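Engineer: Supplied in structure tokens, the structure appears directly below.
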Amino acid sequence: MVCSNSSAPQTRLPAQTHGKFTRGGRFKSGQNDRRVKMLRHSSLLYHAWRSADYCTQRFSLSLCFVSRSAASWATASVITKHVFNNFKIYPRIKALTERRLLQILQVNLKRPCPFWPDDGHCSIKDCHVEPCPESKIPVGIKSGNYNKYSQAANTMSDMTECEQAKELGAINSTLSNQSKEAFADWARHDDAQDHFCELDDETSPDAEYVDLLLNPERFTGYKGPSAWRVWNSIYEENCFKPRSVYRPLNPLAPSRGDDDGEGFYKWLEGLCLEKRVFYRLISGLHSSINIHLCAEYLLDEGWGRSVWGPNIQEFRQRFDPAETKGEGTRRLKNLYFLYLIELRALYKVAPYFERAFVNLYTGNTQEDGATKDLLLQLFNEIKAFPMHFDEKSMFAGHKMEAKTLKEEFRLHFKNISRIMDCVGCSKCRLWGKLQTQGLGTALKILFSEKEIKNLPEHSPSKGFQLTRQEIVALMNGFGRLSTSIHQLHNFRLLLKENR
């Protein structure tokens, strides 16, 4: 199997933003004023932060990743992503994921681990996930895929607060008979070839509705060999790595003395583009999850009440270059890389949601309209971002070889989604499954460009579709990445105070 020999993907300004500035500093093309202002803003902010010695000499985070002698554009690139996320994206994705449509996920947390004997679920009380009782789930949600799309099945006058939180249909409230037939076709159609994840069977008796806002991602105390085993299996068996190559700082690998990982990265650079991207995606996801755990750490267990908050020491142990032999810098770079991948997927899938007939249906007309408005605002901001990832360089070699490599890529990632059922902590399993499915959905979107371009404007499409489970995972998964970058800012402030 010969991989693509393309160089590593670069984020760059699209062709339409290249041009000359006038003497007054304005870009000649008026349609790009917004992008130019963003770049100016990021540049000014960078100089302000630098003059304030925002990065300590001992420990630098993403804004100081690039050495002082490196190209200024590379540094400005990180600044632009940071400012764009914290001021444009984070407030909108946070508000969006707090809407009823996206806060409820149907998930099976009882699926057995398919790879090794189950260690038994974590007995720590904070590992527990609290679902809504089955008796309080509305009939319209339990009645199957077809009635979920009808207004009658989603209109109940006597609902408890918990029932209202579960009253989530799918994507349309008013459907013609033709549309209903299309939905029936979708239900019968086996589209497993397009999936990068193994999705939970929503008809399983073990599938439960979980309110994500009531079960936030945080450090529960789940750690040690059981947790290491999960990540070790992901990296060692699914990232195209031979066993003779040792990943840096792997707690389950034999001692390598003063090995700083150069052997590993020399091997990694010898891989084709697609396999290097695969590793960076997994590393970025791991980094994002670690940031969440550091930001919401169990600091104290008082009488009947736990105290959560940022743990600076834990953050240093995972990301400080001095404590990780430089590995922390690479981890955070991969976080930004993953952010760009999922941002690009949202850019690509926007036409799917922008069609007039697509209604994000929950049963509350006013709230449904506000949810779609929020989603369209998010898409508009994403379209204005000047540094999108270009996925066209992937799987661009010989047609048959590219097809084989893409399938290998897909199956490796699908296997990782199955490993999430081996996580012992229920709450960690919940968020691990959700974020893995979110990335899998993003990959599905990126490699469905032709199908998305051919979407009919006024009717459902058989060629490309997203289940409600995929939509919830996609939006919440990207929301977690956005939150990670936002939390980096908070850690910088804390590190500055504790110098």
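The backbone N, Cα and C atoms fix where each Cβ goes, and this holds for glycine too.
Nobody curates TrEMBL annotations by hand; they come from automatic prediction.
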Engineer: If you pull up TrEMBL, which of CYS294, CYS428 shows a disulphide to CYS425?
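Structural biologist: So the cysteine that TrEMBL bonds to CYS425 would be CYS428.
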Engineer: With the ranges 1-20, 161-180, 301-320 to choose from, which does TrEMBL describe as region 'Disordered'?
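Structural biologist: Of 1-20, 161-180, 301-320, TrEMBL gives region 'Disordered' for 1-20.
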Engineer: Given the recorded positions CYS197, ARG218, SER283, which lie within 10 A of CYS425 (active site, nucleophile) by CA-CA distance?
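Structural biologist: Those near CYS425 (active site, nucleophile) - Cα within 10 Å - do not exist; the answer is none.
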Engineer: Starting from THR220 (FAD binding site), work out which of the disulfide-bonded residues listed here (CYS127, CYS197, CYS428) have their Cα within 10 Å, and give them in sequence order.
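Structural biologist: Among CYS127, CYS197, CYS428, the ones whose Cα sits within 10 Å of that of THR220 (FAD binding site) are CYS127, CYS428.
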Engineer: CA-CA, which of the disulfide-bonded residues CYS127, CYS197, CYS428 lies nearest HIS286 (FAD binding site)?
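Structural biologist: Minimum Cα distance from HIS286 (FAD binding site) across CYS127, CYS197, CYS428 lands on CYS428.
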Engineer: Would you say which of the binding-site residues ARG218, HIS286, ARG318 has the most Cβ atoms within 10 Å of its own Cβ?
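Structural biologist: Comparing the binding-site residues ARG218, HIS286, ARG318, the most crowded Cβ belongs to ARG318.
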